[in-house]
């Protein structure tokens, strides 16, 4: 790997926030913590190019040399996520505009419109200048393009670009009118010039319009990325290139689609929950990253620098690029992580294939908007719990250098950016519909039951997956229907939840009974929906409970697994199962509550012949196994506040201790066993 | 009647959303359901006039001929509620502007400013083109102008029109300054040009300004309607003309005042509540429509086409123009109607004089903002519960062809658009004041107690009403005071609730003690208000409870009916009664809770000599009687989930069965008895 | 004093809202109520200058003469808080602009940008015209400049003025970049022209930018005030000048800093709570006013007109300029004050040094935005409870003419506008941080425990204060640290609560451990914060409870007073005490609940040798003592609904009754005892 075979460890390093005398201390402390990779320059545009075309690289030269002398490698960022004030002042038309027509001002980050040529030109210029100067710097390990692409705009330049994109997508206006169903409310377009971005309008907007606007932005931001990537690549083809994803289905980025354009997938992960929710979010984020990374590695292997003798990890290439050393911000306040959690969360990412653990940021700043964001060196300085844990983490990561290979998983969850966007539109049968929440609920059910999950996108290869889950996969085009049919006919097990297949790729409802695209495969037909109120639930005949959604389901070949108990749907099917080809297709017409969902996950997994990662692990102990060639490594995480004992055999790497019969995990503890090889 | 003597049945039909091959199936299914009237073209402007002045009528020709051949008549709409994109692009100045100055864009419906000459010109042109081509089409039964007038704007063209309107209303600036009390906060206008629409301002706005802006929009939208009406009328005076009202006191339309300009009142009704709330909203909406219709029919009788032998119904002419075949959308989700509710709600409108039952829309679309709006032919197609119930409803309506005549009602509720608007202003003693909510509460009390209600506007004839209710009739001008005095002196019974008469027609508070305009008639005087918190209530000495409002009430001739029990107003009058002339005037200084209000309604009705429609009907069974000449028809609705028995005698029309002693209603069931004649 | 030695009594009088025939009745009623001062002309600009440069003073001449003839003196206002419509129309660029760029319109009050030269010119002109005409009018007692300064703007003229102000404050851009920490997110400014106001931006704004924008507005509004003051002063140096403060830390005005520019501090006080909260808010508001007034009187003594023989009160000069005769508006509704409360609240202000009690407004208007604001003459007219209480209050104030001197208080609370503003910024560890709420909580604790409090600004003289409280004094510059050190070394007792001293004057976090500026003085060091959820609390080992905030606190010289009990901080210090020099420094790392805080206040006060004002007063009876020369007056307020007995001796002034052993207070009653002298 490009960090000399070691797992990456470090974070965002912003030396421009500090006087030069602090830099030497930084390198000393980094070495103390065994930091080996830092991301430099993410927000340094205004320091690197203080006036148009005038570059001041001297300080960055000094920083990079200092780091190199200290043995620390650099992920060098292009600083294009935060244009300097002079840029905004010179190009007010490149400032972003909201749906209401409000032009935003400089004063934060991301104050640009990525569809504005002036911005794109300036971004390429500064990236090219960096490439010119540093593409062969010995500290350079990775290019980090931009930061968290996700900003959209409604300006006139955007509208023009949107029209070009629509023309390329739909070919002619007749196709666009058909795709968007503009016959509703008389919105038929007779000239491309009539189409604007979905600006604030009088009443409900057109769902096809909204969906294509998201897709347009994903493609536009991707183009902004690839044009930087191409010039960095040209400067030195040996250096891998990435950009850090920000997660959340509000982000107008189709991460799966982007993954084929990066050399490794990099994610920023900040759980929005504390306690158990954070562990589950961590597991899901890492599974998502690994799923996306499968697209990346299949096309462009990570380049291995010449100075390393370790063969590259053949597993999907991804990296936790940002996480918080300490606080989780949620519900209006920061939650301080208890001792040990930083290590546990970091290794939970490594267990799922991350090439290390990176943090935002190295040193807490005195000012700026995120002055209270946590850091490896906090306001209190190195004499602090957080920095001591950072040192401990550096040691732990070093001891895991040998781990490689992909995660073993037989259950795959289908994730689809467009379905996530389409379920955020107005005019749906319920305002509580959320593809990402359904993915999360399904993942949680399998996670709690002890099964490892992969994530896939529609159309991905499904070899090795015995159970494929569609969690509210609202948009299903004909190709996806074929993909599912083939999987089932090959003996696969499918578990689809409500709304899956209801609409086509343009978010048009499929007719003839719900769920239009999947009726035949699932052997059911629904006529009417019965969404539930926020505080409402239904009972199932097997004692389970469920929420959010129910529907009038009729059997059309399937058999009943469980039915509703009470209410207007009393005794009607809730969960069904259907033999399709050599496979089995389950349909879940509601959202089971956690305990119910976990039982359902167990039932479906067992039917599919899937077993838990570590059947003997007690509740609250998470197990993940990576395997490469004839070796395997078992990661065990004790998320409980009690000591736990797990039968196991091998060598525990963090303590370098042989394990004969069982490993004992303290509360919040982690163990990594080399089982074989 | 213009549907050949039958009750109207059908809904919005949008053939432009479907390929032509579906049209034939549509007519077949309509005939199967006995649909006899469909509204065509409401949102078809972009299809009818794809470019300025270029009309494509061929498809509409074909549709109208198909319908005519199928025996289905047409309410032909002018499509002006949804201008085509080309219009918005050519006339950006005719797009609406919010109070914040945000210009809204195309992309929904109602994206126009009705004060913009360019819009009005374009609207007249397309209406005239339709009139030219279809005014004598044999399928044409009714003109349906526009759709749900209610859009406002704050653009400069609006400001100019507003100033013209103000000049006409107030005559000179001195009168306007006086009416608006501009002496407060130094807002004295010295030139008409200084007056804008009530755009976003620094702090609280002027209530007179806000109120006149609503009135201006009511008149401006009415002018947009009447100019279309006049050209349609000119093309064929035999065809009746209407526009469909959207209800809700956010709508800047004085429906009572508009009613004198339509040939029949048409309302769209979508309850915002489920269960009992929906039944009550249905009853109130229908009573409102009938009240408005009294203005319509007194001036212009509905024209009867020559091909019908049935004499027209002499009752006020109104029609339920839109309703939902299935789901009620409220609280962020759809609520599916249980079997039978579509029939029950439809007949509840007919019971109160609707000339039929129309729905939005005929066939559920695949796309567009309202893709999940319910339809007579749902996404699932005709093989569905909803379509089967639609067929059943068609049969039921046919069996009620003979019903006619007005509803018997001796209680009248006074409803006033301006009072509703004025109580939405800032700076009132409580943010919970709501004229419409008070109308609803009063109506509910009498409805639950079994009394039929009429609705009237201030100044309407009151012959035949023994009890007149003023539910928070905040604005009372001197003429209205005189109207009330005359009613009381003629022996009428009046029941006024809190805030009635507090302000004059300009929303200026009347001095000398509340309620200024009615102190003498009610024999009370209040000095101070004590509004209650959201979750608070007061007790009354008779065991009742009340909410929202209380006040320091002193007797000035009246006697105490009940007093407050506990709290700061302990033992002070809550409800009073005063002999005025030959009449009796009750005053209710608070909002009684439902059970308390129902008892009060009973007490006041009995004192006025009013009896329930069907005293023997059990609780939860609604009874409505229509009477014409020597005949009468009793509608009975069982809103409970138990079978109910009602003593009655006559012929039950839905089952064509004689009833000797009693009719038995299944849960949710309806019966219509011809009692005599 | 400029009201002839009497306490001021009256309120805003707006004769322009009424026909001239009402004016005579006004004067008659004022005399009946012993009103002796009215504020005239606050919103009369559009009446005084109906067209640019054309003045109509005749009506004001008549009003002032009438008042003078009636023996009522006048606080004459400059009407600049509400420019006339003609001004807005002529100078649309002087209308205010929101952070979103929305230009607000005329239609309310305060529709101006105080940084717009056109507005400032027009304001000076009308003020000068008033000065010319009335500076020597015999009724004139006081100039009342403008009304409730507090309006901000984001227009281009503001941006230019802001840049000039920043240049004056920071000198050069390097200093500004450093102060604002623009190195974060690459916001480095290289030209003044790049800086705008903190307009709406993409994501979190810069806290230094936000803070300086508030400071800029405080200074800009002050300049708008002082330029009017200077021309009024020039017209007649004998007339004192003030402007009425509106309270609330949303107001961009540093009231302490402004106080040195007014001849007396004038506050408007409208409690936002009812019951006990209103009494406490009243006490705090009055203590704040007195604290600010100390700045005023130290620099410019109030001028005494020649026609009075009474020596001026030497105490800090301040006046309750506006309060509500009746309703308190809060939580969406008005709360009517029970009988006696108007008197009790008014005298609570006098007890703390107010030169009287003034109200908004004299007579309730029929229209305008505040038509339901309470008034001394309500809508019901003089035959009303409110007016009868107004008459009673006039008598009571007359009987207190002799009272003078400062309030006795040994506890001082430190209040700092900038800390209040800085804790409203985004990106803080909790969204619940609020300097003003902490001041309020601390004040409440001492108030309930019976101690009189003063308020001071950082740097104020501390002679006579034995206990100084820093309630979340977030911003502490080096000078303030020195001020505190000196106080402690001189034997003072300091009680600092959480976050105090965490940041410097630019809101940059101080490094090395929290609270950076005070670590040494307090003898503690904190590494990490643990803010609490809204509904959460912690227990303390002494049985207390606390909320909002906790932190990982380590002793560095201090001793533990109480520690956390349970939770993640179990057994760690919560409250500490540290000997510093001859003094004692307490640190409270959380927000104690009311009862806990009261006990803590008692403990700290006793340790500092502070005693309650009236140790024998029962709970719920508030005692305040003013002292002058050898005399003292004890005010007693019974805030309970039971009769209370307080041991005392002297003469009760309201009843003119000698008290030998005790005074008996009815529920809600007040007594004022002359104790000596």
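Using N, Cα and C of the backbone, Cβ positions are placed for all residues, glycine too.
Remember, predicted model here, so these are calculated numbers, not experimental data.
As recorded in TrEMBL, the features of this protein are as follows:
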- A:12-399: domain 'Glycoside hydrolase family 42 N-terminal' (DOMAIN)
- A:109, A:147: substrate binding site (BINDING)
- A:113, A:153, A:155: Zn(2+) binding site (BINDING)
- A:148: active site, proton donor (ACT_SITE)
- A:322: active site, nucleophile (ACT_SITE)
- A:409-610: domain 'Beta-galactosidase trimerisation' (DOMAIN)
- A:620-675: domain 'Beta-galactosidase C-terminal' (DOMAIN)
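The structure, with features from TrEMBL marked on it.
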residue : record                   : DSSP class
A:109   : substrate binding site   : coil
A:147   : substrate binding site   : coil
A:153   : Zn(2+) binding site      : coil
A:322   : active site, nucleophile : strand
For the Zn(2+) site given as A:113, A:153, A:155, which other residues of the same chain have their Cβ within 8 Å of the site's Cβ centre?
A:94, A:95, A:96, A:97, A:112, A:114, A:115, A:116, A:152, A:154, A:157, A:158
Determine, using Cα-Cα distances only, which of these recorded positions is closest to residue A:147 (substrate binding site): A:113, A:153, A:155, A:322.
A:322
Segment-level pLDDT (mean, integer) for the domain 'Beta-galactosidase C-terminal' (A:620-675):
97
For A:113, A:153, A:155, listed as binding-site residues, tell me which one has the smallest number of other Cβ atoms within 10 Å.
A:155
Near chain C, which of the binding-site residues A:109, A:113, A:147, A:153, A:155 can you find when the cut-off is a Cβ distance under 8 Å?
A:109
Taking A:148, A:322 as the active-site residues to compare, which has the smallest set of other Cβ atoms within 10 Å?
A:148
Could you state the CA-to-CA distance between residue A:113 (Zn(2+) binding site) and the residue listed as 'active site, proton donor' to the nearest Å?
14
What is the nearest of the recorded positions A:109, A:148, A:153, A:155 to residue A:322 (active site, nucleophile), using the Cα of each?
A:148
Does residue A:109 (substrate binding site) have same-chain partners at least 6 apart in sequence with Cβ under 8 Å from its own Cβ, and which are they?
A:43, A:81, A:82, A:147
DSSP-derived helix, strand and coil totals, residue by residue, for the domain 'Beta-galactosidase C-terminal' (A:620-675):
0 helix, 36 strand, 20 coil
Just to be sure I understand the packing, how many Cβ atoms besides its own are within 10 Å of the Cβ of residue A:147 (substrate binding site)?
26
Rounded Cα-Cα span from residue A:148 (active site, proton donor) to residue A:155 (Zn(2+) binding site), Å:
21
